Each structure stands twice: as structure tokens, then as C-alpha cells.
Amino acid sequence: MKKPVRVAITGAAGQISYSIIFRVAAGDMLGKDQPVILQLLEIPPAMGALNGVVMELNDCAFPLVAGIVATDDPNVAFKDTDYAVLVGARPRGPGMERSDLLMANAKIFSVQGKALNDHASRDVKVLVVGNPANTNALITLKNAPDLNPRNITAMMRLDHNRSISQISEKLGCPTTSIEKMVVWGNHSATQYPDISYATAEGAPVKDKVDNDWYVKTFIPTVQQRGAAIIKARGASSAASAASAAIDHMRDWALGSNGQWVSMGVYSKGNSYGIDEDLIYSRPITCENGEWKEITGLEVNSFSREMMTATEKELAGEREAIAEML
Ligand SMILES: NC(=O)C1=CN([C@@H]2O[C@H](COP(=O)(O)OP(=O)(O)OC[C@H]3O[C@@H](n4cnc5c(N)ncnc54)[C@H](O)[C@@H]3O)[C@@H](O)[C@H]2O)C=CC1
Ligand SMILES: O=C([O-])CC(=O)C(=O)O
């Protein structure tokens, strides 16, 4: 049996975590042979509810759960943690943009960045889910100067999976046959789901769909999917967000088997002309616990315009929270 690893999950009594925690415990994220110690963080008013989650976890008698810590102290939750999934943050309601959450949530990530810096494993892999995820990841990174910036990422996998699902439905082919999808930029309405390189059953997707559908239906549907779920459900997506978080961390830890995925990662300003000091989503493959960017793709003028629009939005968000960096 492998040695247990520590997985910290914040917002542990919230909607998304109610799906994530049980899947991590079942081995969906790190493998069916990897025991985990769950380190669950909440705020004081939610500790009663978190206690209920812990009771349910115990009732599952999961063979892989080697320990559970439930706490309202980030210094305890992040102690020696190998993985951290930062979900705890306010969700948006109808009519809001995710950036409207920036001021409400920014402080959470400066506090948690510092706590990760001081207490987590030096190799901790961090995924920021709480919105606005990319800029919250930047705040986390800037408050954790002793950690490797490569190890702090933002979740774009839900957008990636949504894109694949839309193409699969349009073409009537299985999701597993769609490869080389890319979502660029911010997890927001400016994100750019790009089918330029995508293939379905080995053939270019752009040859199978008309450009009008791509520009007028596909792109806005993916960009607005979060808002559509809020409208339909009265609450933001939770199980699909949890599933995307599991996919992101599993592929990062165990490898993406050559498949392209989209991850919000730290930009050093040396690829695709994207400004440095942003957490910007791009095409990635993962192997041996490391992510690697796909570089050198040709970018046409439509793509460049879309990539720049989402970059500008991220730069504006960075400006708005400059004092927290
Ligand atoms: N990046 C993405 O693709 C997605 C991001 N989200 C975002 O994820 C976040 C969480 O969403 P839900 O679980 O639906 O919300 P929720 O409101 O059900 O749960 C959030 C939980 O976080 C807790 N929390 C608040 N401040 C905290 C802190 N400082 N430390 C620890 N816990 C804290 C709250 O007590 C609450 O239990 C929201 O910001 C939402 O917008 C949601 C869907 C997709
Ligand atoms: O739309 C929201 O506020 C929640 C979210 O990030 C998503 O579902 O993509």
C-alpha cells in the first residue's frame, strides 16, 4: 500500500465540495491505490455543516481514507498538504459576472496563499476553483513566494469539458473521440474556446462544422454556460465543477496520456504573446506530475483578437486587486 498523501479542500461544506470530497475519497482523483488524508477547511459558521459532511464520510467507510481533519484554521488545513483544492469562496447569483465577486473573494486567497506558503509541502499542487478563479490564483501565487509558481493553477477544465460536450452533441460522436480542444484565457464570458486544432474521430472539427455555428452558437454557448446553469438550477454548477476539478488534478498528478487539456497557468510572458504575471489558460499536456505547455501553434487573426480580449480582461482584474499582489 502506498503512503497516504494529504489533500486539502476548502469550502468543504459547500455545494462543489459535497461532490469533490467523496470522489477524492473513492480514489477518482489520485488513483484507487492511493490512500488520502483529507484536510477540510471551512469558516466558523459552517463548521456544524462540515461536521455533518465528516459524519457522512465516516459512514462510507472508504478504504482509501487514512485520516480526516476538519478545521476553520488555514494553517492547520494546509499543514504538509500535497494537494490543495481551493473552492471556498462566494458563488455568483443571477445577473452577476464572476468578476463581480473579485472584491468579496480576494482576501480569502491572500490569507490562504500565505498559509500555503508557510505550511504546505514544497511540492504542493494547487487548484483554484473559487471565482474569479484565474485572478484568485494570481493572488494565491503572489502571496506564496516560496512556492513554485508552476504549482498554482486555475480551473478551466469545466470550460474544456463543456466545449467537448457541445462538439460531441453537434457531430454525434463520442466525447472520447474529440482531441486537441483548447480554451484560452480567463474563466469568464471572454474565454476563447478554440476549435482550430481540434479533431473528432481523427478529422479536423472545423471541416465538419460551419463557421457561423462556431462563432454564433458554439463560442457563446460555452462562454455563457455557467450563467445558463444558474438560470436553470437557481444555483451555480456544482457536480460538473467538482468533476472538472477531479479531472484537472488527476491528469496533473497521473498524466493526461498525451491528451491536450486546458489549464490556467502562470504566464511568464514568453509564449503566444500573452503578458507575464497573469494566470491564463492554454493547451497543456501532463506527464510524471508536471504540466507542459503546447507551444508553437499557429494563431490566426480571429484567434488573436479573441485571445487578446480575454488577456485584457485579466489585466484589468489584476489592476483592480493590485494592492493584494
Ligand atoms: N472555476 C470554475 O470553473 C467554477 C468555480 N465556481 C466557484 O466555486 C466557488 C464555490 O462554489 P459553491 O461550492 O457552489 O459555493 P457554496 O456557497 O455552496 O460553498 C462555498 C463554501 O465556501 C465556504 N467558505 C467561504 N469562505 C471561506 C474561507 N475563507 N475558507 C474556507 N471556506 C470558505 C462557505 O462557508 C461555503 O460553505 C464559487 O466562487 C463559485 O463561483 C463554481 C463553478 C465552476
Ligand atoms: O458561472 C458561475 O458562476 C459558476 C462557474 O464558474 C461555472 O459554472 O462556470
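Glycine is treated like the rest: Cβ placed from N, Cα and C.
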**Q.** TrEMBL annotation, substrate site containing Arg92, Arg98, Arg162 - matching residue among Asn51, Asn58, Asn131, Asn211
**A.** Asn131
Q) At the Cα level, what's the spacing in Å between Arg92 (substrate binding site) and His187 (active site, proton acceptor), rounded? A) 13
Q.
What's the number of neighbouring CB atoms sitting within 10 A of the CB on Asn131 (substrate binding site)?
A. 28
Q | Annotated binding-site residues Arg92, Gly130, Asn131, filtered by Cβ under 6 Å to ligand 2 | A | Arg92, Asn131
**Q.** Which of Arg92, Arg98, Arg162, His187, the listed recorded positions, has fewest other Cβ atoms within 10 Å
**A.** Arg92
